[in-house]
Amino acid sequence: MPIFHKISLRPEVENYLKQSFLNKEVVSASSKQEAERKFEALLIRLAHPPSFTTVRVNTHLASVEYVRDLLLEELQKFRGLRVPVLQHPTLPDVLLIPVTGPRRNIERRQCEVIVGAQCGNAVLRGAHVYVPGIVSASKFMKAGDVISVYSDIKGKCKKGAKEFDGTKVFLGNGISELSRKDIFNGIPDLKGIGIRMTEPIYLSPSFDNVLPSYLFLQNLPSAVVAHVLNPQPGEKILDLCAAPGGKTTHIAALMQDQGEVIALDKVLNKVEKLKQNASLLGLHSIRAFCFDATKALKLGVIDGTEGTPPFLPESFDRILLDAPCSGMGQRPNMACTWTLKEVTSYQPLQRKLLNVAVRLLKPGGVLVYSTCTVTLAENEEQVAWALTTFPCLQLQPQEPQIGGEGMMGAGLAPEQLKLLQRFDPSVVPLQDMDTDCLSDAKKEDMIWLANKDCIGFFIAKFIKYKSTEEKVSWK
């Protein structure tokens, strides 16, 4: 039984999504009633966290077995948490930690803190409450008080308010590290932990500074992407939209840090963070640039730019385009205030990036396109567009194949849909998980659940089987 309501969306956004999930092809293949049931199930799943926390082991520095043992020791320090740590059988560098919850009998306290929706989502994935995320605190809150933490999912609470009667969702209890006066004293760079969560509704370990050279916190489908790309030692790889670097560093590790991984992002502080992550993980094959990926194709001869963007056509063996997207597959997400214009604004940008990627890819090279959204327009429709616009592209089977096949509605043939991976959390019922249930569970059942109950995500893999250096016309 869900503990939260379905994700709150603007009516026009919910209707737009519903039309996609109840398109003619989908309805004719099952029924309108079944399509509606799946869509409502998806909206509910999006408001809840996945059943597992996923971490990727940096196999460049240590073995999975060694890091797993270290992680079990760390989890013992986390409120004596006794849960299994499972190595994924198909993704050998991925470890799975079950999330316990929801815990429905936590006593609510009189003293309250209201946090922003983004902060609230992080708390549901195991984070403590950091000061910048605190919007409101009870009038007499002192350091050391036991506090009930709520999420302002609709963004209506005023900063510094002493009480809030609007829509709020209970996230659990914690202990205040600071008084109300400390939090709202006007110091702009106050950043540390404000509330240390002691009784969260969902019990998931905080990975803040936990084995930072050995572990990277990453959603399961995101860890699948680099394996699908299948980079080889000595190759030249491009990650077009790379920050914060989870997939970039994964690519470098799978290449045994031999070769060259070029990472682009147009936000400077994100690029700096990516460089820090690469250094922390001991990876030296990554070269990161602050650069607009839509301009990464060198259109003429530019002196003195060898090895830096923009790049000559057909320069890369493999390219990952983890495209900017509406993010409508992220979990948990109890409310999205975006307008329909915002949600639908990404398709033209994705097509610009696909054009650049195809032109930069060598003949015989591999292009992987991925998003963390569930919309048809950003996923299957983009695949259909790419296959029509670039006759040099062919869809390829993916290994590993963990997600389901693509969604109908974009005009792709059944055999093409089977070559795609769509991770759809609506396919599995919401789970209540406690320590008793974990002790009785079979490993294969837990792996199956981890594969299904994850974020919404999409992956397509193409091969470019001939040159594109004749002019390409696209709209």
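Quick reminder: no glycine exception, Cβ is built from N, Cα and C everywhere.
Quick caveat, the model's predicted, so the values are computed rather than measured.
Residues annotated as domain 'SAM-dependent MTase RsmB/NOP-type' in TrEMBL: 140-465. Annotation comment: TrEMBL describes Cys241, Ala242, Ala243, Pro244, Gly245, Gly246, Lys247, Asp265, Asp292, Asp322 as S-adenosyl-L-methionine binding site. Feature annotation from TrEMBL assigns active site, nucleophile to Cys372.
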The residue listed as 'active site, nucleophile' versus Ala243 (S-adenosyl-L-methionine binding site) - Cα distance in angstrom: 14
Integer Å distance between the CA atoms belonging to Asp292 (S-adenosyl-L-methionine binding site) and Cys372 (active site, nucleophile): 20
Segment-level pLDDT (mean, integer) for the domain 'SAM-dependent MTase RsmB/NOP-type' (140-465): 95
Maximum Cα-Cα separation (Å), residues Cys241, Ala242, Ala243, Pro244, Gly245, Gly246, Lys247, Asp265, Asp292, Asp322 listed as binding S-adenosyl-L-methionine: 19
Same chain, 6+ residues apart, C-beta under 8 Å of the C-beta of Asp292 (S-adenosyl-L-methionine binding site), given in sequence order: Leu264, Lys266
In the chain carrying Gly245 (S-adenosyl-L-methionine binding site), residues 6 or more apart in sequence that have Cβ under 8 angstroms from it: Ala263, Lys273, Leu274, Asn277, Ala278, Ile286, Ala288
In the chain carrying Cys241 (S-adenosyl-L-methionine binding site), residues 6 or more apart in sequence that have Cβ under 8 angstroms from it: Leu264, Asp265, Ala293, Leu321, Asp322, Ala323, Pro324, Leu353
Cβ contacts of Lys247 (S-adenosyl-L-methionine binding site) (under 8 Å, same chain, 6 or more positions away): Ser222, Val225, Ala226, Asp239, Leu320, Asp322
CB contacts for Ala243 (S-adenosyl-L-methionine binding site) [other CB atoms within 10 A, all chains]: 22
Cβ neighbour count (within 10 Å, all chains shown) around Cys372 (active site, nucleophile): 22
